[in-house]
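Sharing a structure with you now.
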């Protein structure tokens, strides 16, 4: 991974386009819209194990085929900010034993707005000595011009020197949106391609009538940008830090038609069908929503059979998938009632087999 095959990028993307086109062919999908990535420095987060060798230590990764570890001194797929931090950080950690003793992993989360969180993970409890040393480390990095947050983590322990989040700014069709991103919770890794996904989703849902339901909304990445196209938006998310970030993002972007509820897709299905009542829904009148459109961005496993049935009840379905094979499994059912109006390939993960796909489905007839 040290030297990227930048000159082969276009050919590698064309291969993905062929593969996804073939996968979607049985469902009569229209021609793919293809959204390319920058060829380097596109990844806004990275995680590395730390290997100790005598008094020395360094970042390592593991080869996916051979499982052999290899040393990483620079990482061209990661943002330039992460690369600069990797170079600056290790010499400073080496100055203080309490900071590198039993350190086994470092996670980096950066933003286009030049903020970064460094998370230091340890096989030991963290005490006041660690905290004092970490404060010194942060000051040293700030003196080098870094806008940095430091988080220490150990078993059942987390210490934030100031905060455990960064605020990213993403541009969508010329408008800037603020997104709070919390350390150790999911965020889209490729900021440039994320903006393109948001723009595509906004374009698909333009001129929509009624309301939008989103399952698993995370920090509100999609629902905040999509709210402009709907009367009201109802979004579900199960992870507490993501819900808190989403609530901040709603306020920061002055969105007044988006309601987030903390429940799983399965629980939401039960609530909609009146199978059971939830205290979390007190004060929210589900009957006041006329959701004609549903948005889903499921994990790699795709949607389970019950959720597919729920999704099928909606007139229009916007489906973003990080695994086209499980997308196609779901389309076996969805294509019985819906047709694909638009399809897209988003190259979130250049130089890998991974493909991010989007389909916009409309009910037949």
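Heads up, the Cβ atoms here are built off N, Cα and C, so glycines get one too.
Got these off Swiss-Prot a minute ago, pasting:
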- 322: active site, nucleophile (ACT_SITE)
- 356: active site, proton acceptor (ACT_SITE)
- 188, 216, 221, 237, 297: S-adenosyl-L-methionine binding site (BINDING)
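So where do these features actually land, and what's packed around them?
Every protein chain shown contributes to the tally, and the Cβ of residue 322 (active site, nucleophile) ends up with 19 other Cβ atoms within 10 Å. According to its DSSP assignment, residue 322 (active site, nucleophile) is coil.
Secondary structure at residue 356 (active site, proton acceptor), taken from DSSP and collapsed to helix, strand or coil, is strand. Sequence-distant neighbours of residue 356 (active site, proton acceptor): residues of the same chain at least 6 apart with a C-beta under 8 Å from its C-beta are 193, 197, 320, 321, 322, 345, 346, 347, 348, 349.
A coil conformation is recorded for residue 237 (S-adenosyl-L-methionine binding site) in the three-state DSSP classification, outside any helix or strand.
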Counting across all protein chains shown, how many other Cβ atoms sit within 10 Å of the Cβ of residue 221 (S-adenosyl-L-methionine binding site)?
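A 10 Å sphere around the Cβ of residue 221 (S-adenosyl-L-methionine binding site) contains 28 other Cβ atoms.
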Helix, strand or coil for residue 221 (S-adenosyl-L-methionine binding site)? Use DSSP.
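Assignment for residue 221 (S-adenosyl-L-methionine binding site) reads helix.
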Using a 10 angstroms cut-off on Cβ to Cβ distances, just flag whichever of 237, 297 is the loneliest among these binding-site residues.
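With the binding-site residues 237, 297, fewest surrounding Cβ atoms within 10 Å: 297.
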For the binding-site residues 188, 216, which Cβ has the most other Cβ atoms within 10 Å, all shown protein chains included?
188
